[in-house]
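> First, the structure itself, so that you have it in front of you.
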Amino acid sequence: MTEPVQTPRVFPQRVFSGIQPSGNLQLGNYLGALKRFAAAQDNGIETIYCIVDMHAITVWQDPADLTRATRELAAGFIASGVDPERSILFNQSQVPGHAQLAWIFDCVARLGWMNRMTQFKDKAGKNAEAVSLGLFAYPALMAADILLYHATHVPVGEDQKQHVELTRDIAAKFNHDYGTEFFPVPEPVIEGAATRVMSLRDGSKKMSKSDPSDMSRINLTDDADTIASKIRKARTDAEPLPETLEALKDRPEARNLVNIYAALADTTAEAVVAEFAGQGFGAFKPALADLAVAQLTPISGEMRRLTSDPAEIDRILARGAERANAIAAPVIDRTYDIVGMIRSAR
Ligand code: AQP
């Protein structure tokens, strides 16, 4: 007699992603994450967005700064178009399931897997003995964030791809070790012209909110003059823009500005090159500055308006956490059952 063929469990589509409240939001966070988070709400799929304050404290955060940055990030989500009614928006530490599942996954992930994480190597640098254990375990907490909601799709920038792949490995190993199909194996969604926005000062480094040089990035809180001045002073070369994208291969700074233009204008880098072919940066930079100012200054204005009422932001996050917990708590219960942990009936 032949064995019945088992069809793999199918999970309903659900989007999850997060951002750390670890400083000012920068253009890379907006184009690589926030703008896409808002667009994902139009696809008829449930969207869950998390302010990952537990990730932020893997490096030192002044407590008052963490509180302020959490509220400011919530305002950044909303001002970028994430609707806290259509999406679930909350901060991670308000839902205990993140820490609970992270511990289980710390016991599933292998040390060898974690040792291969390039972001840890970059962030720890030569100081690996002195950094927190949390910074090393960060990707297992990220796996918990995603799998706690049985998320199937994770929109991220290019820099987070390795961590989502580790999440896939953790889900597969948990399922294999416990003989279950409880966790989905989620897909990273890395799309658009700006999956890796680079520093305005160095085309080989990604734009980052923790870069010591403020001129390296555009902050979502920058005013119009500052945005225009940072773009004017962005490092480029003396050549005009070429006819094809291929010809920008060895011109990372020029390529970066073209990508930023394309992502802001919701078009492709190819279309931007076709439009500006033969023109120098004397013409391209002002066009880019106008576009960036037009798109970003309403966001910073709305962020200022929202952060002037911290109690309202706290209410939005509390409501989001309640909705998140309603999904997460049964997942934790079932995980504990699978692992064999006794729990009293609720
Ligand atoms: N330069 C970037 N280009 C495209 N996407 C980016 N993201 C970050 N920088 C870029 C995306 O933003 C989301 C949230 O990132 P995060 O704040 O949680 O952590 P990060 O990736 O480490 O961002 P930063 O700005 O570099 O923060 P710090 O300096 O604190 O480490 C992710 O989807 C990320 O891909």
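Just so you know, glycine gets a Cβ as well, placed from its N, Cα and C.
Please treat TrEMBL annotations as automatic predictions, because they have not gone through curation.
Pulled the feature table from TrEMBL, pasting it below:
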type    : residues                                                                      : note
BINDING : Q20, P21, S22, G28, N29, G157, E158, D159, V197, K206, M207, S208, K209, S210 : ATP binding site
BINDING : D145                                                                          : L-tryptophan binding site
MOTIF   : 206-210                                                                       : motif ''KMSKS' region'
> The record lists Q20, P21, S22, G28, N29, G157, E158, D159, V197, K206, M207, S208, K209, S210 as binding ATP. What's the largest Cα to Cα distance among them, in Å, rounded to a whole number?
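Site span for ATP, by Cα atoms: 19 Å.
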> If you count, for each of the binding-site residues Q20, S22, N29, the other Cβ atoms lying within 10 Å of its Cβ, which residue has the minimum?
S22
> For ligand 1, list the binding-site residues among Q20, D145, M207 whose CB atom is within a distance below 6 Å of it, in sequence order.
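Only Q20, M207 qualify.
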> In whole Å, how far does the CA atom of E158 (ATP binding site) lie from that of the residue listed as 'L-tryptophan binding site'?
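Checking the Cα atoms of E158 (ATP binding site) and the residue listed as 'L-tryptophan binding site' gives a distance of 18 Å.
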> How do the residues of the motif ''KMSKS' region' (206-210) split into helix, strand and coil according to DSSP?
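DSSP classes over the motif ''KMSKS' region' (206-210) add up to 0 helix, 1 strand, 4 coil.
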> On a simple 10 Å Cβ count over all chains shown, which one of the binding-site residues D145, E158 is most densely packed?
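Ranked by Cβ atoms within 10 Å, first place goes to D145.
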> Find the one among the binding-site residues N29, V197, M207 whose C-alpha lies closest to that of D145 (L-tryptophan binding site).
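So, of the listed binding-site residues, the one sitting closest to D145 (L-tryptophan binding site) is N29.
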> Out of V197, K209, give me whichever of these binding-site residues has the highest number of other Cβ atoms within 10 Å.
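Buried the deepest by this measure is V197.
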> Please list residues from the chain of M207 (ATP binding site) whose Cβ is under 8 angstroms from its Cβ, counting only those at least six apart in sequence.
Q26, L27, G28, V197, M198, S199, L200, S216, R217, I218
> Going by DSSP, give the three-state secondary structure for S22 (ATP binding site).
coil
